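K.L.:
This structure is in structure tokens; I'll ask about it shortly.
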């Protein structure tokens, strides 16, 4: 039983987890694939740095080409992150017939089609389960579990940092800035949190999920993205009072052949399964025409959960190696991508308006909704004790985005509206 | 592109769903597997019966051997149910080189090892995703998604009928008998509901899940099973008051190499993800040493959800056919089965006792727990207004089953205890 040799690019948190699982679970892995799996070489930035796992220093290298060009190495596991340099390494590894397992959502969201094409040309596998939702096996679920179905909706809580922040804001009534600071101290948020809190990380993951779910190559720029930095504790309290929670949701929808993908803070009815996903946990809700509602829940990040997905991919690559069927993944993006226009994107909306507290205001406002044919599910007007203003809360029925944009534009020119305080999509 | 020919055994609810999906999603299926998938022949009990799908009568047969022995047929899809006769058909089909997709939990729980061995000997695939939890792809998740991990716990709500009954009892305060009758009228429960309500159906599914999760052949007789017919609305109300819900849980646990599998009504802390799985929905909670907590949620039964899993298996078989790698599934049960003794099975317990309402009773009772080293998390004593009895509610810390059995035995000989009203396992 010739051992399968792995070159590991990166030995940070996730890389360390990969070493731990491959070494700690070696017996189980061998029982499944029939040969030892050996981590042969590891790319690090600094060979002499102290590591918190025992690893033979002779395996460490600072030169990526010592791994990529090593004819002995069968599989590259890429957990170094980054895009352009990393892409070069991966393309070169593929051109040399090495299979690739990656956790790199940025790379797959931006260059997935090119990488998968190059893999096919070289009869290599590229697997990337760990790139979305850490330990949740959502990618194989979309490719294999639902191969028979037609998915119409994917909603994901795919960023743990923002879900942690929103959960804390909800449970403790704290402000965004307070909780962000705490999350940074706990290591749940980066010093520069932009990629997480502005929804960019979630957008990359939704690019990958929607490409798989809808079987068409969705590009990152197709995703309209709004983060959580504008979510106030007031909004969260209004949501709670009405039976909703605020979540940063990635929402990918398909109707007929037209799709839309967004990331935005969303008010979710608290009876919806995804509403109770709290803290750093992730979940992906998938609706299929035949299967109906499903949801997949688990840790979205972390050393061992993410490494679980990477090593599961490694097992799949090695099984294919044994059978001689690498690079035979059926194309998953065989459909032409057709994006919805704003007229085709429909959802319910929540609006919080600050208005003049005088007669006839509500009539003027409802008239605007009527003009653009946006019908209303509920309207609540109440005085604002601290101001000479009243507050009006509106929840619409399904309204198309183009019409809502016109309503909001019209509101700007309406004297009685002092401020459109908040606008949220509503789900569930 | 030579079409792949399928023989369908059974055209009830699920069989009808299979026909609908294979025909309705033909274009998508072809794009994935590269050839048409054709339902060539269908075994029915009565060819002349009216069907609620359009199907060419010439495809229908009442003779199973016309399908099993047809050299043109590549794959058998078995949705007829039953055990011994069905097993014969499947073994014969395998011996003739036909691959098998089955939704038959009874068959797989009772004869899974024999069927899988026969499949391997004949280089055939046997896939059975639909046998557990309908549309939830939990079997491929255990085999592939968590191939890298060591699972220590699987908790499943894997029977929709009982979950519907318990949900209704909880939400409406109704009695077991009332709700069962309603469920029967709605078609959620059979005229003879024994298999569902006594936990036998769930036990079969837990046999399959624990075999996969622990990689050792668990047999149906290894599962200790208790159904929900003894669950009273009083128990449910006590649970609610203490922050628990009552669920029929299949629980498979592993510690070191020792495993236990049970099905029983369980009080689940209402913050646990599985506590909010309501109605006919199913969910499987999986805890892995590396991945931590995960949960998979969806429809557990029904025409189209179950057919989704069957057709996904069919797609997998056809992909293997194209690559010439059928029958190459790695063995999933490579470990020796070691069952826990009652001394090794630990859990928290809830007890409701009816006792004499006089001094010293609580002291006597707590003395018994102390004698067998069962420590208590909380004790609540209250008068029962309708009786000269008091009620004592006890929740224990983790206690081993042997010790708890001794406690319960001792209680029988204790004069002050009039009745041990209820005993539940507690989770979360």
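Each residue's number is its place along the chain shown, starting with 1.
Each Cβ is built from the backbone N, Cα and C atoms, and glycine gets one as well.
The active site, proton donor annotation in TrEMBL covers B:205. The NADP(+) binding site annotation in TrEMBL covers B:9, B:10, B:11, B:12, B:13, B:14, B:15, B:16. For B:105, the entry in TrEMBL reads NADPH binding site. Under the heading domain 'ACT', TrEMBL lists B:350-425.
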K.L.:
Averaged over the domain 'ACT' (B:350-425), what pLDDT does the predicted model reach?
P.N.:
93
K.L.:
Which numbers of helix, strand and coil residues does DSSP report for the domain 'ACT' (B:350-425)?
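P.N.:
For that range the per-state counts are 23 helix, 34 strand, 19 coil.
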K.L.:
Which site among B:105, B:205 has the most other CB atoms no more than 10 Å from its CB, taking these as recorded positions?
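P.N.:
Per the Cβ count, the most surrounded site is B:205.
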K.L.:
Test of understanding: give the count of other CB atoms lying within 10 angstroms of the CB of residue B:16 (NADP(+) binding site).
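P.N.:
For residue B:16 (NADP(+) binding site), the count of other Cβ atoms within 10 Å is 20.
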K.L.:
Give me the sequence-ordered set of same-chain residues, not including B:9, B:10, B:11, B:12, B:13, B:14, B:15, B:16, with a C-beta within 8 angstroms of the centroid of the NADP(+) site's C-beta atoms.
P.N.:
B:8, B:17, B:18, B:79, B:80
K.L.:
Would you identify the secondary structure of residue B:9 (NADP(+) binding site) according to DSSP, in three states?
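P.N.:
DSSP call for residue B:9 (NADP(+) binding site): strand.
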K.L.:
Check each residue in the chain of residue B:13 (NADP(+) binding site) that is at least six apart in sequence and keep those whose C-beta is under 8 Å from its C-beta; list them in sequence order.
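P.N.:
Within the chain, residue B:13 (NADP(+) binding site) has Cβ neighbours under 8 Å at B:302, B:303.
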K.L.:
If you count CB neighbours within 10 Å, which one among the binding-site residues B:10, B:15 has the smallest count?
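P.N.:
B:10, out of the binding-site residues B:10, B:15, has the fewest neighbouring Cβ atoms within 10 Å.
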